[in-house]
Amino acid sequence: MASLSTPCFLLFTAILALVSWQALASDPGPLQDFCVADNSSCVLVNGFVCKDPKAVTAEDFFLAAKLDMPRDTKMSKVGSNVTLINVMKIAGLNTLGISLARIDYAPLGENPPHTHPRATEILTMLEGTLYVGFVTSNPENKLFSKELGKGDVFVFPQGLIHFQFNPNPYKPAVAIAALSSQNPGAITIANAVFGSKPMISDDVLAKAFQVEKKTVDWLQAQFWVDNHN
């Protein structure tokens, strides 16, 4: 077999590196029809170990999630309730790179600024109105925002801070989100910064936010709760 010339070899190496990077930048792809998560296994892998295909049933791909039913938003301090359907709820999602969420918003409720470190999100409005947006990375920090009505769709790129707010003081809103990971993760900015355990030094946060330490202390004393179920 003829050897590759130096330019061809370098091009081949660059293409191989690019393909490898793309493969590592997303959920593991399936190498068979399915890889139902074996939640009883104690083996640690990136994702979940596959259940014996002979033991797989239709129930591994099913969940009576009742996503047609409204969720309670009154217990949430931010006025929203996120019902996430991921690989921890449906074992058959393992390696398939997708999950789903129903999001209920009280009047003037919001899904506060947060990120999904492992997924892009596409949001579909079912009822009501939402003001939504995301902010690009440094140094621009540009805001892309839009008001959505019933039937509208909006995309939040992977890893970028985004939010949804119901501007209607009288009517609730409902949306369905699809996410490009079996386990997208969520980092709510306020919770992570002011509600971390142990707490971040108030010296650090006072300088970062350019406020007095007593303001940081007050924020850290609040009860930061998760709106995800």
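Any Cβ shown, glycine's included, is placed from N, Cα and C.
Annotated in TrEMBL:
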{"type": "BINDING", "residues": "Asn111, His116, Glu121", "note": "oxalate binding site"}
{"type": "BINDING", "residues": "His114, His116, Glu121, His162", "note": "Mn(2+) binding site"}
{"type": "DISULFID", "residues": "Cys35-Cys50", "note": "disulfide bond"}
{"type": "DOMAIN", "residues": "73-217", "note": "domain 'Cupin type-1'"}
{"type": "SIGNAL", "residues": "1-25", "note": "signal peptide"}
**Item:** Lowest local Cβ density among Cys35, Cys50, which the record lists as disulfide-bonded residues, within 10 Å
**Value:** Cys50
**Beyond the site residues His114, His116, Glu121, His162: chain residues whose C-beta lies within 8 Å of the centroid, for Mn(2+)** = Thr115, Ala119, Phe134, Phe156, Leu160, Ile161, Pro184, Ala186
**Prompt:** Residues with Cβ closer than 8 Å to the Cβ of His116 (oxalate binding site), same chain and 6+ apart in sequence?
**Reply:** Phe156, Gln158, Gly159, Leu179, Ser181, Pro184, Gly185, Ala186, Ile187
**Asked** What's the CA-CA gap between Asn111 (oxalate binding site) and His162 (Mn(2+) binding site) in angstrom, rounded?
**Response** 9
**Asked** Closest of the recorded positions to His162 (Mn(2+) binding site), Cα to Cα, picking from Cys35, Cys50, Glu121?
**Response** Glu121
**Cβ neighbours within the same chain of His114 (Mn(2+) binding site) - under 8 Å, at least six residues apart** = Ile161, His162, Phe163, Ala186, Ile187, Thr188, Ile189
**Request:** State which of the following binding-site residues has the fewest other Cβ atoms within 10 Å around its Cβ: Asn111, His162.
**Result:** His162
